[in-house]
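Below is one structure, written out as structure tokens; the observations come after it.
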Amino acid sequence: MDTATKKRAANVRHLIGDQTIALVGLMGAGKSAIGKKLALALKLPFVDADTEIEAAAKMPVAEIFEAYGEPEFRRLEASVIKRILESGPQVLATGGGAFMSEATRDIIHENGISLWLSADIDLLMVRVSKKTTRPLLKNPNPRAVMLDLMEKRYPVYAKANIEVASEDLTKDEMARNVINALDDHLSQHTRKDQPA
């Protein structure tokens with residue numbers, strides 16, 4: 001990491017205080033991969049909501065979907081995210097549908113900063129085609145499913161505090177872009193909050 005990015009990362013860490021940085025976006029946007037790099041740069045723990053959900057349920061996400069359906073999965077997801085957000089500053093990778101819940105969005109905004117990693121369809125399809133653990137894409141036409149998810153979710157993801165385009169860059173380059181966006185956002189809001 002270059003000196004300028006290290007300096008900006010230190011500033012972000014200072015400015016977030018006890019808040020969690022919650023990464024939101026579709027599957028394949030890079031929430032986990034970029035989140036780990038971001039956490040390392042900010043010297044914060046990284047938490048993957050899906051991993052925590054699997055630990056709580058003692059079964060993989062795909063099996064939870066299959067056995068109990070999406071509504072029950074979303075209920076468990078909201079409960080786990082609430083617990084995570086209340087446990088101090090960290091970098092959290094949420095599941096693709098987590099931010100769709102108004103209650104989950106509210107708890108994220110009360111306890112942290114939401115950052116949307118937006119991506120175009122082609123990049124998402126390249127990334128998700130490498131994994132077989134995506135329950136929503138077990139479908140004859142996964143591209144159509146992804147386009148439908150984009151149409152439904154992108155307007156809601158746009159409610160995030162910050163948007164960073166997830167591009168076909170290295171993880172380090174993407175982490176730098178996220179750090180820069182966080183620093184710009186937090187510095188701007190800190191100045192606005194200070195008395196004149």
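Cβ from N, Cα, C; glycine included.
Database features (TrEMBL):
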BINDING   Gly28, Ala29, Gly30, Lys31, Ser32, Ala33, Arg134  ATP binding site
BINDING   Ser32  Mg(2+) binding site
BINDING   Asp50, Arg74, Gly96, Arg153  substrate binding site
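Taking the features listed in TrEMBL, we show where each one sits on the structure.
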{"residue": "Gly28", "record": "ATP binding site", "Cβ contacts under 8 Å, 6 or more apart": "Ala119, Leu123, Leu124, Met125, Val126, Arg127, Val128"}
{"residue": "Ala29", "record": "ATP binding site", "Cβ contacts under 8 Å, 6 or more apart": "Gly96, Leu117, Ser118, Ala119, Leu124, Arg127, Ser166"}
{"residue": "Gly30", "record": "ATP binding site", "Cβ contacts under 8 Å, 6 or more apart": "Leu117, Ala119, Arg127, Ser166, Lys171, Met174"}
{"residue": "Lys31", "record": "ATP binding site", "Cβ contacts under 8 Å, 6 or more apart": "Leu23, Val24, Gly25, Ala93, Thr94, Leu117"}
{"residue": "Ser32", "record": "ATP binding site", "Cβ contacts under 8 Å, 6 or more apart": "Asp48, Ala93"}
{"residue": "Ala33", "record": "ATP binding site", "Cβ contacts under 8 Å, 6 or more apart": "Lys171, Met174"}
{"residue": "Asp50", "record": "substrate binding site", "Cβ contacts under 8 Å, 6 or more apart": "Val61, Ala93, Gly95"}
{"residue": "Arg74", "record": "substrate binding site", "Cβ contacts under 8 Å, 6 or more apart": "Gly97, Ala98, Ser101"}
{"residue": "Arg153", "record": "substrate binding site", "Cβ contacts under 8 Å, 6 or more apart": "Leu26, Gly96, Gly97, Phe99, Met100"}
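DSSP assigns Arg74 (substrate binding site) to a helical segment in the three-state reduction. DSSP assigns Gly30 (ATP binding site) to coil in the three-state reduction, outside any helix or strand. Site extent for substrate: the farthest pair of Cα atoms among Asp50, Arg74, Gly96, Arg153 sits 18 Å apart. Secondary structure from DSSP puts Gly96 (substrate binding site) in coil.
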